[in-house]
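Please read the structure below before turning to the comments.
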């Protein structure tokens, strides 16, 4: 969102601000920590001047030196330039900038979230100028050298650039408020612009407030040193519209430095800016106007305030430049045009704070004197820090020690006295004191008594009456103790700030300490607190929790669905299509269509079929929802909630190739659409995406107010276009598919004709189903080394991620590049085994390289993902190999790019030859195909997916290329499914058999009920080797599992004997009796699945049962090795003429096999699959009842991935985020699921039995109905022709053809 308003350049300063401010200042405006000699005085430190010794140099060259400039009044400072001392070897190479209004309470200049260190000079004459990223307003500036010339000492000349600054200031005493009265009693405000600056030492206080009698209000206040904006544009009395909106910004705002606030509101859109950081949001509710009564108050609540005030404190501090909708409030107050009567003494001069903060780093300490050999210790101070642990105070007693330490966010006091006997006192108080806020500590110890008080809470003070005699040592160390003495503290240092330090009930004179007249210090920064909130703004994305120490921050991403140093990268795939290409089967999965974008992950059902991958999003409307009592004047509105938000669902529909949603309206004396051409709007309509009403129904299309029967001209009453519009008393139904995906999903249905006697409607809305993912397959082929695509500049200042797939035969090439003035970002294939990610954000080029153990120019798809944020940079290849590079602790963090983004060759770089697809940058998929259509040397799409994904086609399945992906051809396997892994099996009743004929037959089928699809088989009929494999399960024996006959006496059989053991029988001639192999002595008729694999090559047999090792056997020497004239293959039972083994018929053929057989394969034929699939033309027939079932499938031998290691496991856990309106059940109790499953199986079995009985009884009384779209050329109506000429519509209708046989 951009700024709503553009009225001024800035509230307080002119647009052009680049005047030289220091050159014209007198000598006494320059001061310094020390002077080498009078010729090196600070007054000579003017840019390009040669007076005195040619610049300033201090007495000592160390880190305690500084040069200060008094600009005479507050100025806007935009740039700083430095130069070395003239004609010398003295200059500074690195420095910090401090600024202040009063010459006290200094503030360090921050940039990119850090205390900034500016680069200085490398010689005496060149000028190095730095434009400040954020201009500052101050009267005093101080330069603190950090590093200097190795050839000389500190030497400096400088110039300050900026412009005059002026603003009216008002001092608020915590009592008075300024009342801005409106010209009319009630104001109805559509647009607001409020701007002001404030500074305070208080952490609480109301800055402005306005309210109305209707409940509207606006309040800006400090809470815990953070700025809280609360707006309510109106709520209704029923509570269905809640307008309260609350937004927090900033932290540590009680630092007594100026902070700038701008609030811009237009209707419900708000820009809330604090110190250049803007938050954009929309207020809650449905109202646009802010209704205020009487007045707007600044500095606190009005005295006549309503209970909303809640006892809030008034603001205590200073404000300047207060502007409200163009009125200068501070100027009006100065001219007494506003009510300021609540002030005791209104002052237009800012009263400065009397605090003197001290900043400690890990090597600092402050030593202060106290009373010696006194019998009481009394100390107090305030501190603030982010660290959980640190030394606050240490003092060596005359006979022992005293320490106050921060441990796990609590203040612990340890006193150890060894005067007569060892006496130790340990007390603790407070919690969470490392929150960055000021906390007050008071400690008192005297004879037999000690008390610790935190934040002035006397009621919770910790006391002890342990017998102890205190004798002070006279010295107190604050913030650190590094001496090696006989007694030492448990912690050595502290990182943070302290102020208002009291020793022996006296406020320490830190000005005297600064001048060296009192105490001692080392490595402390006096009169400043350099604390930084590294979690504000929060760099942890997607709800990640930010925690920090003094030096750094970290993000906790648990339960967010994202990972990485800033919770930027999604752990889920973008679609069901992507899961398929990881080899996943149909299941429930979490998907994240926009990756690192704002949409969160959500759960969908992925149905991975042979030719399509369907994504299903459920809704909560029960099937056949009854509706009564509705009319046109008072419609019943059914609201549908989905298992994902509308934004998430829209991400699916926009990227899918096709979407559909089934709707059905069952009616009895209830009209649906009011067709044809009746006056008035339809009785019922539905609302889809974009909250638009639609007046067509399933089976029809946009703009056609008809139902499916009206399109097909087969409605119950031909005068109407919907069955229900005939308004009949019998139950009728209008149903069909809604396929115009830009209108989907259905969000609401308004029903308007069920209020008459006997009138009723039953409504069903199915789940949203979509297939295809155009983003996943969006690809471009780069055919020449100089070809490229260009896009708009990549916006990824503080957080950027790039992911894509590539395949190439070339050894190198640039994938993409985007440039700035000096910043850049680039991804390239540097060599056949190295992918490189390089960038520069202003700290110098950084390059990450990932090495692959195998060549990447293998013309297979490889996945590259790169991420760069303020914490680290990561490059990952094929989700396995990666390099991580931490960001420097200090330096630039913003990636500033200006050129176009080039995909492929650009700027003389080595061009890329090959394909790139699914290029996603910060969650947005770039449309490579669209751009490639108009770009020479680049073609849309890319072929050759099977080289990468063909491995997923199992069990001999053949990979087939598609424009968008691939599919597995399972026609030459005994399997089915998207990856040829689904067993095809059948349940055999007693007497059921399947016969496959190797030799064409002219005879009829065994009986009139047998199916016969006989064709000539090209299989060899004389074999010297065979391969037979199948799975079975049964609880009965004996039986024949497989029998292969011949026109001679040769045969092969696999049988279960009476005891359930498995026997293989071979007769190839030459033997008096068949050769038999007893495969195993176990009873295999145990109802469990078993698999058998048999192979023969000549005389050698290999037999493998289940997953045991294969066992080899040899046919006798007398046996032939050729299986002659094979004739038929039987499953379950033998029904054959000619030569048949009499033993088989006598012992095993009656009553026949009862159980399941699956994945039957003999050499290259699949008889059971052919028998169960009517579309397969094969010489196969069956007798008896054969029902498809996979109950004979082999058991799973490889354990599934555990939930702990499988990131796609459908149980997300109780903490995982999900839409509150989700309707997919999750986390169901396992026992309940098992019981429910058993009940479901029993019910299903009963229903199947009933269906078969009914079908048998009424098999001659069936009806045939086809629900299909009519083509444009043969259209029977104009509407049908319209639909037929819409390619999008006709394609989806053709895919939706359905046939029912009852």
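From the backbone N, Cα and C atoms, a Cβ is placed for every residue, glycine too.
Model, not experiment: these values are computed from the prediction.
Here TrEMBL flags 915-942 as disulfide bond. All chains included, 22 other C-beta atoms sit within 10 angstroms of the C-beta of residue 915 (disulfide bond).
For the domain 'F5/8 type C' (17-163), residue counts in helix, strand and coil come to 9 helix, 71 strand, 67 coil, using DSSP. As annotated by TrEMBL, domain 'F5/8 type C' applies to 17-163.
Confidence across the domain 'Laminin G' (169-350), taken as the mean pLDDT and rounded to a whole number, stands at 88. Marked as domain 'Laminin G' by TrEMBL: 169-350 (among others).
Taken from TrEMBL, the feature domain 'Laminin G' applies to 355-529 (among others).
Annotation comment: TrEMBL describes 531-568 (among others) as domain 'EGF-like'. When the domain 'EGF-like' (531-568) is classified with DSSP, helix, strand and coil residues number 0 helix, 10 strand, 28 coil.
Marked as domain 'Fibrinogen C-terminal' by TrEMBL: 567-619.
According to TrEMBL, the feature domain 'Laminin G' maps to 778-942 (among others).
The domain 'EGF-like' annotation in TrEMBL covers 943-981 (among others).
Annotated domain 'Laminin G' per TrEMBL: 1003-1191 (among others), in sequence order.
The feature transmembrane segment is assigned by TrEMBL to 1233-1254.
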Dominant neighbour of the domain 'Laminin G' (778-942) in 17-163, 531-568, 1003-1191, by Cβ pairs under 8 Å: 531-568
Same-chain residues at least 6 beyond the ends of the domain 'EGF-like' (531-568) whose Cβ lies under 8 Å from its Cβ atoms: 110, 113-115, 250-252, 255, 277, 359, 384-388, 436, 495-497, 590, 592, 596, 600-601, 798-799, 801, 867, 869-872, 874, 889, 1213, 1215-1217
